[in-house]
């Protein structure tokens, strides 16, 4: 079962205009898209996803005249809006970042460290290298960097060395449980979390270019959204959330850091591009009981001035 995290909170905070144009940057299985469509009359929704399974699901289950699904990363939203004369005309954007439940639950996709499957991890299986190929191609230094920066893994170098040594002896790491067991054997079980959690996250982020795609979307988001339009971002780990928070904060108070250092007067209000609608919201107890994966979700919502 796929549950859209923080569904009501995010849709309510978008303050849907029934005649508006909206973008679901991460369609998944359409939970947020369906909720938006239910509030539209003459408005329309454009959804994006890199995953071909999500595209197929949308085409089979979302046959609405005011809905369009685009097989592309959300990093291409600006280009899409430019090509379709939609810059500055979008009433709202929702982004539900990270991996979806169907991707995690399908062992064949290679995202899970508890179900065995090919070590793939690509959200778009039509292109790019698999996680298995990445482990073979990356150096110890690069692999250690990825685990440390993208996974915040304390034992990054130790794990990277063990992986490269294993590959040298065995040729490759082909399955998810093969990698998960190798990580567990390297560092042991030192906490409640599965010891493979951070490295799997890091490898997935690298394979799918997730953080760079997020930065590309946020870099041009002001040109896409109209005045009074809102942006809702749901993140699941500190790296994503930090990027979202810093970008939003920079557009809400562009000279905040400079003011703190130089004691300058507050900036001209014309430099402020956004305002907070929801600075930080987390799942309530009912949602946590229904969906354990919602425990790390953070919702931030802003409005363009």
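Every residue gets a Cβ built from N, Cα and C, even glycine.
Swiss-Prot has this to say about the protein:
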- 30, 31, 32, 49, 74, 96, 103: S-adenosyl-L-methionine binding site (BINDING)
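Features as recorded by Swiss-Prot, highlighted on the structure.
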residue : record                               : Cβ contacts under 8 Å, 6 or more apart
30      : S-adenosyl-L-methionine binding site : 24, 47, 57, 58, 61, 62
32      : S-adenosyl-L-methionine binding site : 4, 7, 10, 11, 24, 94, 96
49      : S-adenosyl-L-methionine binding site : 26, 27, 28, 55, 58, 69, 70, 71, 72
74      : S-adenosyl-L-methionine binding site : 25, 26, 48, 95, 213, 214, 217
103     : S-adenosyl-L-methionine binding site : 51, 53, 109, 111, 123
For S-adenosyl-L-methionine, whose listed binding residues are 30, 31, 32, 49, 74, 96, 103, the greatest C-alpha pairwise distance in Å: 18
Packing count at residue 31 (S-adenosyl-L-methionine binding site) (other Cβ atoms within 10 Å of its Cβ): 20
Coarse DSSP state, helix versus strand versus coil, of residue 30 (S-adenosyl-L-methionine binding site): coil
